[in-house]
Amino acid sequence: ALQTSSCHICTWKCRGWWDHVNCWPHAAVGDVVSQPCPGFLHTTGQVFRNCTELGWTDPYPPHDIACEYGFNESLPLEVHSSQRYFLFVRIMYSVGYSVSLVFLIMAVAILSLLRRLHCTRNFIHVQLFLSFIFRAVLIFIRDAVLFSNEDSFHCHIYTVSCKFATVLSNYCIMANYSWLLAEGYYLYKLVSASLFSQRKHLSWYIILGWGSPVIIMSGWSFAKYLHEDEGCWEMRRSEWIWWILRLPVLLFIVVNLLFFLCILKILVAKLRTQDMPGNEFSHYRKLAKSSFLLVSLFGLHYILFAFLPHKVRGRTYEIWNFIELAFASTQGFVVALLYCFLNGEVQNEIQRRWRRWKMKHHVQLEHRRKCGSMSQSGGGPTNITLLFKSASTPESALV
């Protein structure tokens, strides 16, 4: 409660702040501000402060008298339990996003640096990895903005940067699903048509993967600003606003599942007619299996956790929230694992590079040993020509 003086147009002399017990709003000189005792103390007392030329006065009556509680005593058990829970959850998902970030960066480096792996399919993989990398980075940025200032966190004073970080985080989540749809569409075109221009389609993949989330997030941000401009834009009071995000994601998931049903039908038909070599069929089958697994897992995760968390409370909410954040923070790790580190082509290329490096290193050591032995024997100048060419199979036509 704020009892203002007769001066309504003067500037704030006392800035709002968090005194580790109550949140005090901005006030002008002469204002008397009252705040209730913390809810966890279960009392109806109030504490007052005056705004003077020198700033805020000390609270009166003191908290221990007004709230009938000695602050030297231990806080209620539920307060400590809640603090421990949120600290543990934050550490847990921070570790999850950190592990995902490391593996995703390694996967992008591998697919980008190894020239034999350059192809349209791996280009789409890299874009998917980047969407998860941006998502993890923005989670850390959002937490840094949100928890950097206790006044903002406890007094619910959220800056534009916090809202912008939330928008970008949701954009990256949308990009995760749009690039998964691009994965499914590309695989469908690959097995259904023998010839199609890959370079011509790259621009359409970029528009689908990065462009469509821009349109969706623009509409969502506009609706939030006009109808629910609260907090850090994480509130879910108006359900219709969140359907602006839910409907496109559900559409991406359903269309992707339809693509994989068609892919499965085409692969079975080509196998029966022996229209596809066994190795090629096995390759496409593994791609379809990995993509279908990701879409199924992420789709089930989104449907379960996007609709139910705001309807549960208490211990059920804590368990639900923990599982959701644990799964969300490790999605990037799962994507990198399936599309890069467990990819047969990637493993073969890394092994080939390793064998080539070992052979080259061995030849160099032999060359140095022979040169050293000849110089010790006192022989005349000798020209040694070493011809080395690593045996390698012709590059496979990656698609």
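The backbone N, Cα and C atoms fix where each Cβ goes, glycine too.
From a predicted model like this one, the values you see are computed outputs, not experimental measurements.
Annotation source TrEMBL lists domain 'G-protein coupled receptors family 2 profile 1' at 14-71. According to TrEMBL, the feature domain 'G-protein coupled receptors family 2 profile 2' maps to 89-343. The feature transmembrane segment is assigned by TrEMBL to 91-114, 126-145, 157-181, 202-223, 243-267, 287-307, 319-342.
Long-range Cβ contacts of the transmembrane segment (319-342) within its own chain (Cβ-Cβ under 8 Å, at least 6 residues beyond either end) map to 89, 92-97, 99-101, 103-104, 106-107, 110-111, 125, 128-129, 132-133, 135-136, 139, 176, 290, 293-294, 297-298, 301, 305, 308-309, 312. Here the transmembrane segment (243-267) sits against the transmembrane segment (157-181); at least 3 CB pairs are under 8 Å, leaving out pairs fewer than 6 apart in sequence. DSSP labels the residues of the domain 'G-protein coupled receptors family 2 profile 1' (14-71) in these numbers: 7 helix, 21 strand, 30 coil.
Highlighted: of the candidate stretches 91-114, 126-145, 157-181, 202-223, 157-181 has the greatest count of Cβ pairs under 8 Å to the transmembrane segment (287-307). Within the chain carrying the transmembrane segment (91-114), a Cβ under 8 angstroms from the stretch's Cβ atoms is held by residues 122, 125-126, 129-130, 132-133, 136-137, 139-140, 143, 322, 325-326, 328-333, 335-337, 339-341, 346, 349-350, 353, all 6 or more beyond its ends.
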